[in-house]
Amino acid sequence: MAGKDKLFIFDTTLRDGEQSPGASMTREEKVRIAKALEKMRVDIIEAGFPAASTGDFESVRAVAQAVRDSTVCGLARAKDVDIDRAGEALKAANSARIHTFLATSPIHMQYKLKMSPDEVLTQAVAAVKRARQWTDNVEFSPEDAGRSELDFLCRVIEAVIDAGARTINIPDTVGYNIPQQFGELMRNLIERVPNSDKAVFSVHCHNDLGVAVANSLAAVLNGARQVECTINGLGERAGNAALEEIVMAVRTRQDVFPCDTTLDTTQIVPCSRLVSSITGFPVQPNKAIVGANAFAHESGIHQDGVLKHRDTYEIMRAQDVGWSENRIVLGKHSGRNAFRTRLKDLGIEFQSEEELNEAFARFKELADKKHEIFDEDLQALVSEATMALDSEQLKLVSMRVCSETGETPVANVTLSVDGAERGGQAEGSGPVDAAFKAIETIVPSGTRLLLYSVNNITSGTDAQGEVTVRLEKAGRIVNGQGADTDIVIASAKAYLNALNRLVMPDRRAHPQRGDV
Ligand code: KIV
Ligand code: ZN
């Protein structure tokens with residue numbers, strides 16, 4: 001990195017990522033992801049939107065307490081009440097940032113805000129000044145900058161820098177921009193705003209046209225020195241720019257970029273897995289960097305080339321982004337200490353002995369069925385164990401499913417419902433369908449199944465299947481996940497996990513629609 005500028009990585013998986021339908025996370029899950037991001041040496045972690053609800057406030061506070069090395073950021077609309085909530089939530093942070101925003105595009109000002117440009121400018125300045133009463137580290141975003149008028153954008157940015165904003169983030173909120181144009185916008189802003197040297201310019205792109213990463217990189221080539229992004233490109237609609245793609249593009253093409261990040265890229269794949277298993281958003285196999293096929297050389301010609309000389313077809317090394325050969329890490333005879341130590345290496349620490357005991361009991365159960373336990377199995381197991389302790393209303397006690405050629409599958413399920421055991425039976429078109437219907441006879445949920453998918457966590461027929469179920473009820477969408485060596489049991493667990501999430505309060509309030 002000698003002689004190069006630093007490119008700051010601002011991760012917003014816990015805020016913009018959580019705005020994805022069904023990606024709502026609990027406080028404990030947010031802390032786990034934040035710790036993984038810290039381990040990856042992400043510079044700034046946007047932990048949430050504290051004014052949305054008490055739950056969001058508490059999550060940001062918990063992340064601010066847990067994280068020491070990264071800056072923890074809270075989002076706030078340009079309103080005193082939001083800014084003060086963010087300031088309060090971040091009090092315990094070692095390094096805190098308040099990110100405040102206000103829309104500047106004609107369409108947002110006229111229809112959403114119903115404010116004149118002058119009113120917007122005044123409110124933006126007031127918001128930044130208010131935030132500066134809490135911290136020197138204030139970021140301002142002119143929302144929908146990608147569709148704003150250049151002259152007005154320059155006026156707002158100059159004024160908020162004068163008011164004390166030290167990071168100016170340029171969002172393409174609706175994913176409308178195209179790389180060349182967006183790069184020019186960034187260059188024009190930096191050139192035209194007289195005090196632009198007093199702030200770091202940042203970029204925040206959505207992927208509606210599939211060019212969020214390309215737009216972000218164009219902005220970097222034109223002077224942006226912070227990128228806002230999410231793990232696996234998680235985010236509402238088509239998502240945000242994917243952290244792993246930005247970081248690896250810049251790292252791999254140092255001949256092109258005048259800057260680099262200080263991230264530990266070997267943490268990318270473990271972090272991607274963690275986010276996927278917590279949110280229930282599977283990673284597509286052909287996804288760049290973190291997809292299962294990203295480094296698989298299927299075709300004979302490619303394999304031959306790679307064997308002769310790696311660079312013939314490989315531009316990055318799988319190990320550099322954290323892909324490792326599936327290593328057997330633990331087995332049937334591993335004890336509690338080995339278990340605890342291996343999890344610690346994976347960045348997982350238990351809040352209580354009770355959590356450790358629950359996870360260890362599940363580990364022993366799994367080791368009885370599957371002799372070789374990999375890191376990926378451990379991640380899934382810990383997700384389940386912590387969820388089980390999150391006072392789940394519904395738990396799977398036992399299940400029996402009969403599936404035979406020429407016969408209709410039948411499932412018998414026993415659940416614990418608020419501590420009381422109840423049983424149900426149903427037929428279905430297949431064993432999974434029968435299991436879901438049997439659960440519905442016990443707890444009729446009135447939900448609609450939007451998605452059902454199975455992925456194997458590791459390879460081999462004894463691998464655990466990880467099932468994702470997405471349910472919808474009255475406009476609310478939740479994801480559930482379950483893992484087991486038996487995919488019908490994994491499916492039932494995932495279904496129950498989604499139902500359990502449905503009864504939890506919805507904290508996924510939307511900062512940008514004014515519906516809080
Ligand atoms: O997309 C967007 O404009 C945002 C802002 C809050 C920065 O997420
Ligand atoms: Zn956004």
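The backbone N, Cα and C atoms fix where each Cβ goes, and this holds for glycine too.
Predicted, not measured: the structure shown is a model, and the values here were computed from it.
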- Note on the structure: Joining H204, H206, N240 at the Mn(2+) site recorded in TrEMBL, out of D16, D43, D418, is D16
- Note on the structure: When each of the binding-site residues H204, H206 is scored by other CB atoms within 10 A, the minimum falls on H206
- For the Mn(2+) site given as D16, H204, H206, N240, which other residues of the same chain have their Cβ within 8 Å of the site's Cβ centre? T12, P171, T173, C205, N207, A212, E228, C229, T230, G235, G239, A241
- Query: Is any of D16, H204, N240 (binding-site residues) within Cβ reach of ligand 1, i.e. under 6 A, and which?
  - Reply: D16, H204
- Task: Give the number of CB atoms, excluding that of N240 (Mn(2+) binding site) itself, located within 10 Å of its CB.
- Result: 32
- Query: Using a Cβ-Cβ cut-off under 8 angstroms and a sequence gap of six or more, which residues of the chain neighbour D16 (Mn(2+) binding site)?
  - Reply: E46, E228, T230, G235, E236, N240
- Message: Give me the DSSP three-state residue breakdown of the region 'Regulatory domain' (395-516), ordered helix, strand, coil.
- Response: 29 helix, 51 strand, 42 coil
